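Down below is the structure, laid out as structure tokens.
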Amino acid sequence: MERLSGKVILVWGFKRALLAILAGAIGVLALPPFGFFAAMFVSFTLLVWLLDGAAAGPDSGFLGRLWPAFTTGWLFGFGYFVAGLWWLGHALLIDADQFAWALPLAILGLPAFLAIFYGVAAVLARLLWSDGMGRIAALAFGFGLLEWLRSFLFTGFPWNAIGYGAMPIPLMMQSAHVIGVLGVTVLAVFVFAAPALLGTRQGRVPGIGLAVLIAAAHFAYGYYALNLPALPPAAGKAAPVVRIVQPAIDQEAKMDTAADRNAIFDKHLSLSVQPPVNGGKRPDIIVWPETAIPFILTDNQDALTRIADQLDDDQILITGAVRVEDMGPGVEPRYYNSVYVIDGRGQIIGASDKTHLVPFGEYVPFENILGYLGIENVVELPGGFSAAASRQLLTLPDGIKLYPLICYEIIFPNEMTPEIRQADAILNVTNDAWFGDTPGPYQHFLQARVRAVEQGLPLIRSANTGVSAYVDAHGRLISGIDFNEQGFVDSTLSGATVSRIDDSVRKTYFWLIIGIVGMIAVISRMGFISRVN
């Protein structure tokens, strides 16, 4: 290993850049649909050795000394995000005549921007760099801090945070309930980077030993949590049977204005009233995916009547739909990406609007500035939705409370409002047909499962196509429908975890972990400087 590390440290020029990109790309193999988490060990071991060799000339100024570390981290991030997000381009090819021009922005521009976070993470790590275990702690500190920033800066886009690579199965997800995905990220980077210590004799034993202890604790807590007794279904309330519908409608058909909207509506209704499989109990709650209603529901009384005709009086339909708010004479109405609750009489009895919109998909950020600069193509992207000021808990007639997250709202661990403490389950409606049968829908589903584990709540997830599923409070898949399959699954709503940890506690543990690895890095750095002097 010492010979290999020496070769990596000394590699230079084009080969060095290519190796950094390759190291980042290898890490994506740890994410869905592959789930080969061992790839992260290769990825981060190479990154440590590359940063070992990220040295500037003796005459370089302060910024000049940091530039090699930044470029190494940026190239690593570019490889990671291109390999992990290339599927975003699929959405632009659905209407290629209008949006193919934006393909390079999606598959190269966005990764180039996100890679800046990893470039800065590498700079922070290099400022605290030392030999031995200290540099492993410095890297964990840098990545942990920058993944936290990536979760909210510039509207936030925490997709594929490194911690997800350490959670391919429920056994390895349970730590997220205590320290969150960001806390897992910090510890995962330390463990993934620890094999780099095999390339040097300095700090090998304590560094590898600590990494083994962290990994052992991660697995041990997972085993412990999965064997805890479950709470009664839905906190002691009558446990309803939930039907999750996946219509698997091609995105081209949904976007075609000439498509038969009634046929789309009929498909949802037909799947909703099918008899239970194997003679099971009739569903009490039926869930349709994001924007399942192909028209403005409040303007279509006939649709509500048809829903009432198909549902029993005590059944509930929850569906994604576009909601329109009339702003008065002469003022453009506002459109919201929403979830409706409809009772068996066809009455809308509850609703919640999306609060975190997709930039350049549901709205155009800095629209006025872009228009002023003459960037017309960007300003003319589809969108036009308004963001709700707050998220509304959905309370059903039987007292069950659902916490609604529409589409990619579920990827934001730090945006759960206090109302989630009252919820019996997380409701996620989405439409991953935009991305085809690529890694995207599977990555999205993993993040949804981890939210369920973090919150200690079961997850009800309905996708137009993607992965529709019922997941228990420990992230275990109870029932599901694969990508591009049409159908439904019925599941009885289960309970939350025995002891739900509050988000504020998870955040405290995250900062405690950041502080500990930062302290290890600083102490090691001080010792390194004293030895050099």
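Any Cβ shown, glycine's included, is placed from N, Cα and C.
Feature annotations, reproduced from Swiss-Prot:
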TRANSMEM  17-37  transmembrane segment
TRANSMEM  74-94  transmembrane segment
TRANSMEM  105-125  transmembrane segment
TRANSMEM  127-147  transmembrane segment
TRANSMEM  178-198  transmembrane segment
TRANSMEM  205-225  transmembrane segment
DOMAIN    245-495  domain 'CN hydrolase'
ACT_SITE  Glu290  active site, proton acceptor
ACT_SITE  Lys354  active site
ACT_SITE  Cys407  active site, nucleophile
TRANSMEM  509-529  transmembrane segment
Mean of pLDDT values spanning the domain 'CN hydrolase' (245-495): 88
Beyond the flanks of the transmembrane segment (178-198) by 6 or more, those residues with Cβ under 8 Å of it: 1-2, 5, 40-41, 43-45, 47-49, 132-133, 136-137, 139-141, 143-144, 147-148, 151, 158, 161-167, 204, 207-208, 210-211, 214-215, 218, 221, 413, 450, 454, 501, 503, 506-507, 509-510, 513-514, 517
Cβ neighbour count within 10 Å of the residue listed as 'active site': 26
Whole-number Å value for how far Lys354 (active site) lies from the residue listed as 'active site, nucleophile' (Cα to Cα): 9
Surrounding CB atoms that lie within 10 Å of the CB of Glu290 (active site, proton acceptor), all protein chains: 23
DSSP three-state assignment for Cys407 (active site, nucleophile): helix
Cα-to-Cα gap, the residue listed as 'active site' vs the residue listed as 'active site, proton acceptor', nearest whole Å: 11
Tertiary contacts of the transmembrane segment (74-94), as residues 6+ beyond its ends and Cβ separation under 8 Å: 17, 20-25, 27-28, 31, 43, 47, 50, 100, 102-103, 106-108, 110-112, 114-119, 122, 159-160, 251-252, 255, 361, 434-436, 438-440, 443
Surrounding CB atoms that lie within 10 Å of the CB of Cys407 (active site, nucleophile), all protein chains: 25
In three-state DSSP terms, the structure that Lys354 (active site) belongs to: coil
